[in-house]
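Colleague: Sharing a structure below in structure tokens format, with a few things to ask.
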Amino acid sequence: MKKIGVLGLQGAISEHLDKLSKIPNVEPFSLKYKEEIDTIDGLIIPGGESTAIGRLLSDFNLTEPLKTRVNAGMPVWGTCAGMIILAKTITNDRRRHLEVMDINVMRNGYGRQLNSFTTEVSLAKVSSDKIPLVFIRAPYVVEVAPNVEVLLRVDENIVACRQDNMLATSFHPELTEDLSFHRYFAEMI
């Protein structure tokens, strides 16, 4: 049984937990305290508000313990705001959070709430079926290091990438009925 934590401080927590509960041999867990970090096999940092999540990571003394676990190889997946939390650099924001993934992210790259959109894509590495994507005030990656694999582009922007044990997506798979990305992440563990 794989115990996958969802950072339970702010954002789309229950939606990720619900998706994980539908995958065999996965035990979903809402992670809130640093003492729980060593009890999980992987972690999802959900979409929400990156500034609030970053502040709460600091307030709950989670930043350094999470950074240590991720750097030691624990699989982690950041969706939307979670992508920003993982990024080493953010083009339009001086704040930094975990700084573990060799990507440069444009915060709110797709614009404001009114610019939110949905689309469907094919991505054989993740699913043989079309995958629905939901973008809400979404960031995108403007630059990756050579050790980062670009998984998906939408409108020529990088919206999904992977670096070893780290996965980052601009969109919200937890807001669709599709389990493809959650299964893909579970297979990384």
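Along the chain as shown, residues are numbered 1 onward.
The backbone N, Cα and C atoms fix where each Cβ goes, and this holds for glycine too.
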Colleague: Can you match one of Arg107, Arg183 to the L-glutamine site that Swiss-Prot gives for Gly48, Glu49, Ser50, Ile136, Arg137?
Modeller: Arg107
Colleague: For the C-alpha pair, I'd like the distance in angstrom between Glu49 (L-glutamine binding site) and Cys80 (active site, nucleophile), rounded off.
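Modeller: With the alpha carbons as reference points, the distance is 9 Å.
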Colleague: List nothing but the largest Cα to Cα distance in Å, as a whole number, among the residues Gly48, Glu49, Ser50, Arg107, Ile136, Arg137 that the record says bind L-glutamine.
Modeller: 13
Colleague: What are the sequence-distant neighbours of Ser50 (L-glutamine binding site), meaning same chain, six or more residues apart, C-beta distance under 8 angstroms?
Modeller: Ala81, Ile84, Ile85, His97, Arg107
Colleague: Return the member of Cys80, His172, Glu174 nearest to Arg137 (L-glutamine binding site) in space, with distance defined Cα to Cα and candidates limited to these active-site residues.
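Modeller: Smallest Cα separation from Arg137 (L-glutamine binding site) among Cys80, His172, Glu174: Cys80.
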